[in-house]
Amino acid sequence: MTEIKLAGQSPWIVKSVRNNWVTIVIFVALLVALAIFVPTFYQPANLLNVARQSSIVGVVAIGMTFVILTGGIDLSVGSTLALSGVTMAMLINQGMVAGVAILIALLVGVGVGIINGFIVADLKIQPFIATLATMVAITGVALRVTSGGPQPFDNAGEIFNFLGSGNVLGLPGPFLVFLIVSVIAILALRYLAFGRYLYAIGGSPEAARLTGVPTRRTLFIAYAISGLAAALAGVMTASRLGVGAPTAGGLANLDAITAVVIGGTSLMGGIGGAVGTVFGALLLAVLSNLMNLLGISPFDQQTVKGAVIVLAVLLAMQATRKRTSGRRDKRNRSEKNSDPSSK
Amino acid sequence: MTEIKLAGQSPWIVKSVRNNWVTIVIFVALLVALAIFVPTFYQPANLLNVARQSSIVGVVAIGMTFVILTGGIDLSVGSTLALSGVTMAMLINQGMVAGVAILIALLVGVGVGIINGFIVADLKIQPFIATLATMVAITGVALRVTSGGPQPFDNAGEIFNFLGSGNVLGLPGPFLVFLIVSVIAILALRYLAFGRYLYAIGGSPEAARLTGVPTRRTLFIAYAISGLAAALAGVMTASRLGVGAPTAGGLANLDAITAVVIGGTSLMGGIGGAVGTVFGALLLAVLSNLMNLLGISPFDQQTVKGAVIVLAVLLAMQATRKRTSGRRDKRNRSEKNSDPSSK
Amino acid sequence: MPRLEVRGLSKSFLGANALQDVSFKIMPGEVLALIGENGAGKSTLIRILSGAHRPDAGEVLIDGDKVDISGPRDAENLGIATVYQELSLFPELSVAENLVFGAFPGRGIIDWRAAKREAGEFLTSLDVEIDVTKRVRDLSIAEKQMLEIAKALYRRAQIVILDEPTAVLGGEDVDHLLALVQGLAKHGVSVIFVSHRLNEVFGLADNYVVLKDGRLTGTGPISQTNHDDLVSKMVGREFARSERAVNKTVGDVVLEVENLSVDGVLNSISLTVRAGEVLGIAGLRGAGRTELARAIYGVDPITAGVVRIKGLAVANGSPLKTIRAGLGLVPEERKTQGIFIAMSTAANIPMVKMLKRGLHTIHPAEERKLAETYKTKLSIKVTNLAAAVASLSGGNQQKVVLAKWLDAGVDVLILDEPTRGIDIGAKQEIYQLIRELCNQGLAIIVISSELPEVLALSNRILVLHHGDAVAELDGQTATEEQIMLHAVGGSRK
Amino acid sequence: TNASSTPGSTSVASDGPMPSIYCGDTCTKQLALAAAPADVKCDVGVSWSATSFPYGAVSSQQIPDLAKKWFPGMSVTVTDGQGDATIQSGQVDEMVAKGIKVLIISPRDSDALKGAVDRAVAAGVKVIAADRNVNTTVDTYIGSDNVEAGVVSGKNIGSVLGKTGLLVELAGSLGASPTIARGDGLRTGLTGSGVTIVDSQTADYDQAKGLAVMQDLLQKYPSGAINGVYTHNDQMAFGAIQAIKEAGRESEIQVFSIDGEDKALADIQSGSMQSTVGYPLVTKESVIAAAKLCSGEPIEKRILLESTLIDSKNVADYVGKSPQTE
Ligand SMILES: Nc1ncnc2c1ncn2[C@@H]1O[C@H](COP(=O)(O)OP(=O)(O)OP(=O)(O)O)[C@@H](O)[C@H]1O
Ligand SMILES: Nc1ncnc2c1ncn2[C@@H]1O[C@H](COP(=O)(O)OP(=O)(O)OP(=O)(O)O)[C@@H](O)[C@H]1O
Ligand SMILES: [Mg+2]
Ligand SMILES: [Mg+2]
């Protein structure tokens, strides 16, 4: 009883951390190992870099989390990032006020998300292939509107400074954006009915239908959020670099998915959350920073990265497994979690 | 009754074609439209080109079909293609006999497949993330062994001629290879117990386990076949170009998956087959050839391709739906097929 | 004024009439039993009332007003709550959340503290003891069922529809549930109650409605009917009670289980089955019957004990080895565990033989011939053997599962709930088949929650309680009451 | 061909710090190193835009190899921008934080890496822009001009094909800056020549794609409809040549390319390629420049390598000295 009481009383943030303990433990272990072997890592300038570098993929991954929780996937985020970046750059070059240009760029992302939502929820095409198609198509659009060329623009304004390279309260602006987005996502997933619908749809689509969960609307919103986050990442990228490039965001989709999965969210949907994603994105950034600091050749970095992904997912899976294991339920659970034939 | 008798008696090849009728209808419609609007298309030389161009992705897609039937996916085929190509090139440059070098290159592919099989079947990591990890890692290996440089080699031998640019019986060698591989795959899926196991694992993983289907072994073999096919495609690419490039095969994974899905194989596993994949690969090659013949701008080609993918998948899905719909089961089946929350 | 009235409801699926011109009413505080064979249209009717299906014709009135129920939300707003045959709970979410799902407390922002408190208080008020912070995944079946009902009530429903709520329950749990339903009715809630267990119907309902092939074949107060009358309305013929008919000439011991244990689930169970004999296994849900079958069969790892088939110990952990030793299992979950749902009927049948003999190739022509043979032998109703087995009805799918084992050849066959969800006609055919197999010298274990079924088929009956084998009874002399007493643990006190 | 023609670390030829043949007299003079190689001691960061294309991959490998060989006291960190300016920009910040003294950067995008380079300069790091310039003040830019390469090829095409010239273009990856520059350069170079560009398609700098796209174009343009193809790099040219040979149209279509790989030189000798424009890797030059900056020596703002047209007349001078092996 005491145990239960405890569980009942501990604030959910504590529980969240408890649920993601493996990611966090690896993370902390990594941080300690770094302190010993790569002291450079702890120089404030480097830490700020890591924070900054986690931001873009982090924001995309937070949006992706919503889609993956429904059991879907969004491969189109990279091209959405590019399209929103060039949209903003071109509008500003046409003399539009920064704020409005940014708003329109973000709406472009929402638009792509709605198209994805339509293909998935209404045309009922599997999310992988649906968003693969929009990925290809949107790249075409980004190239078309720019005639293929990068779009430099004047990113001297306050807002670009914040979104791009500036520091606020000693933290890099983009990292602050990442944190704000994360907090909103974490709260939305927990405190909004919409957030709970995502889990319902991803975990038990049939039960969701019977319970009257607005599946279609929820899917539309989830993909729109993913598109919005990708567009925000596009705006951040362009602000930072002072150029909107139609070729930006190349591997953002795979990196974001990796961050989400490392963070303990299952590609089958219904399990996971944004807290894990934050750590997943940070882990990827630390890994890459670390390999650079250690001077590992770029070729070998890829091999190492592949191995680390496997390891991290393995550990994240074990955490999820431990957390979800009830005695009686062993049979069913292991069927769901360990079914190798499901993506 | 007549109807049933007919169904029972018609040879399976007829049934296969019947099952893939939508893909075939689009395909034929496309071919007719071409005859009218793009007569160049029918020049024998162009047809041979299309055949040749479908071959590489086609071979990869046939291998991919085995994996997707189990409900899995293999993102690592592109980097496997590159690694096997450079392996062969480097071995030949070291003076190895062509046949042996090719064999070793193919074994490299099998090796990658076995690693994938291990991660999926034993470590029980979801195939998407498992093969994403190997994809990254194998790219690193290909770059490492070549120090990043393309590996030209002397591809004057008979065998390279056949695998690469030669013609046999009036057909391009690579296309012949594609056809042979396809026929083997179609027969294996139909006449080997192993083929049945793939469908069983993909369609009813639990029943498969209870019936003693060797799930682990079957998964290993499926991924090994996918790796082997990718390696064969790598050998073909290198033979054709006279160079093994560590950066080859970039989007081969996505193209191959697209071909499989357009061909009516479900990403959920258990439904589909290699006949559809052959048509899927041909459709992609025709599309790209056509767009070049029509002089569609390279920017817009991508947008068109995205739209065509959605359309083709939509039609393939409808065919599958019609074909598998039984009275009683509409309920369950539609849940399975149209469940938007599953990849 | 009736709380709910339906007039002339009809619904057909692809030309097949699932429901034809059905009308009835229900008053506040009334418990209405909805009965009928499998496929009679009960679930279809319920789905219409809960907004999952639209009727083709007819109307629904609530408190005298015509209403349009076009989705689960509408039904909820109209005060109709449904507890489905398949549970509609979210296993990954907590009890509290499942209870309040969709009716979250708080304005836009969910107030979890309130949710937990309200959920706790609400469950207590229903006399249901479940820790609200537990995840539903970790609940027992009975707890899940209770929660499912509580969920309907939580929404202040005035009409509660229960689609076979007791099918998966046993003993005390059934009593608890029935008490709950009675309590509801006392508070003025109208209850529609679907059950195949007529005893429950007589104990609970005020009135009944019988459906057969989608048509209403009888309705009236429960006090003016009896068991046999209802059954004849359901099946349209006089019901012959299944005879206790077992094979008397049993042979040698074929299956021998010694001190089999699975951690926390089974405690040192021993049993034997002889050739030509049926061993019935009875027990409440959760007693460990399925676990026992799976442990014998070798899918779940055992912690101690040994299983011998014809004297040879079989290796645990590999179904294939057990299959090769001569064992077969017809599993509980037909659709996911028994058949290969996306494969054709013809392809399904030879699967086990293929595995058992380690065959590597397939001969489609022979496969088709084989399928034709079994189609005739087991009278499987199927129009196209090359079509996905998913298109067959439940009973026919079950016959396909049996065909698989017969084709492979088995010495021991374990059938876990062989007739669950199967209608009376098909049921009898399956009983017949089991008896024939016995006569051919197979050793058979039948696990069933339906005591008449166990009694009708078994030579001996093993009763499980909480993972212990608490009694072995003679199939010829045992009674339902005896079995129940052991199953609820009564014999131990 | 054999292993010796394989680009990569094994084939770095000379023993002392020596710029390549593409570094003309001025360039060589500009890169004269006063310090003794053994005295060069500092941390150098190398940031290449990607390793997913041959130049990037080879450069990423050669620079540290050369540095190790020539300047044992120089320590080199190499990063791979993975084709993404954001990633590359972060990596620059990272290396600056790590304490490098000199940065060799080949930016993914000239505008996009401006910020990172400015931050590096502000932190006191000396910056060498290699191959592709950054749109800001750097200590030196070493490279040959992509636009210039296009112009040189364009002028040559104009004079070879003349008024009857019907040219197709196989462009590099869409949106990549060399693609844009080599396309623009071509058009500038062709001005007034009368040559018509009848079609332009992308082949992603990839040999296999060059082959496939050229095959399609050969169908679209039967004999007489085209007489030249301009490719943005040699890899695509190899594919195009193969397609042309297989179509049996070697005699009617001339191939003009950019880069100057070994195989391209061989193709020029055998007549299957009309010309290529030498586009050198700037690995040797970059390493020497880094050594100069390490030792505090002054350096010119622009060190230009030559965009030389290589055709049958001068190909012999370049054989064995392709940009990648040199
Ligand atoms: N979605 C559907 N598509 C096609 N046929 C259906 C569908 N739903 C029900 N049916 C058919 O309608 C008839 C009535 O089915 P229903 O599920 O209502 O029966 P039931 O009385 O609830 O049976 P049980 O006792 O097995 O639950 C059956 O023949 C069934 O096959
Ligand atoms: N306390 C419980 N907690 C979780 N799951 C339970 C519990 N009791 C039973 N179950 C589930 O119910 C199912 C049946 O359990 P088990 O196999 O032990 O009982 P059984 O006697 O075979 O009952 P039945 O055959 O009626 O299901 C299993 O899927 C099991 O996971
Ligand atoms: Mg029902
Ligand atoms: Mg059971």
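Placed from the backbone N, Cα and C atoms, the Cβ positions cover glycine too.
Marked as compositional bias 'Basic residues' by TrEMBL: B:322-331.
If you look up TrEMBL, you'll see B:332-343 marked as compositional bias 'Basic and acidic residues'.
Taken from TrEMBL, the feature region 'Disordered' applies to B:322-343.
Remote same-chain residues near the transmembrane segment (B:20-42) are listed as 262-264, 275-276, 279-280, 282-283, 286, 289-290, 293-294, 312, 315-316, 318-319 (criterion: CB distance under 8 Å, separation of at least six residues from the stretch ends). Residues or ranges marked as transmembrane segment in TrEMBL: B:20-42 (among others).
The transmembrane segment annotation in TrEMBL covers B:54-77 (among others).
Among the features that TrEMBL reports, transmembrane segment is placed at B:97-121 (among others). Tertiary neighbourhood of the transmembrane segment (B:97-121): same-chain residues 72, 74, 76, 80, 83-85, 87-88, 91, 127, 130-131, 133-134, 138, 157, 159-160, 163, 215-216, 219-232, 234-235, selected by CB-CB distance under 8 Å and a gap of 6+ residues from either end.
According to TrEMBL, the feature transmembrane segment maps to B:128-145 (among others). Within the chain carrying the transmembrane segment (B:128-145), a Cβ under 8 angstroms from the stretch's Cβ atoms is held by residues 73-76, 78-80, 82-83, 86-87, 90, 112, 115-116, 119-120, 246-247, 253, 343, all 6 or more beyond its ends.
Among residues of the same chain six or more beyond the transmembrane segment (B:175-199), those with a C-beta under 8 A of the stretch's C-beta atoms are 12, 16, 48, 51-52, 54-55, 58-59, 62, 65-66, 69-70, 162-163, 168-169, 208, 213-215, 218, 221-222, 229, 232, 236, 270-271, 273-275, 277-278, 281. Summarising the annotation, TrEMBL assigns transmembrane segment to B:175-199 (among others).
Long-range contacts of the transmembrane segment (B:220-239) within its own chain (CB-CB distance under 8 A, at least 6 residues past either end) are made by residues 55-57, 59-60, 62-64, 66-67, 69-70, 72, 74, 76-78, 80-86, 88-89, 102, 105-114, 116-118, 120-121, 153, 155, 159-161, 163-165, 174, 177, 181, 194, 198, 245, 248-249, 252. What TrEMBL lists as transmembrane segment is B:220-239 (among others).
Annotation comment: TrEMBL describes B:251-271 (among others) as transmembrane segment.
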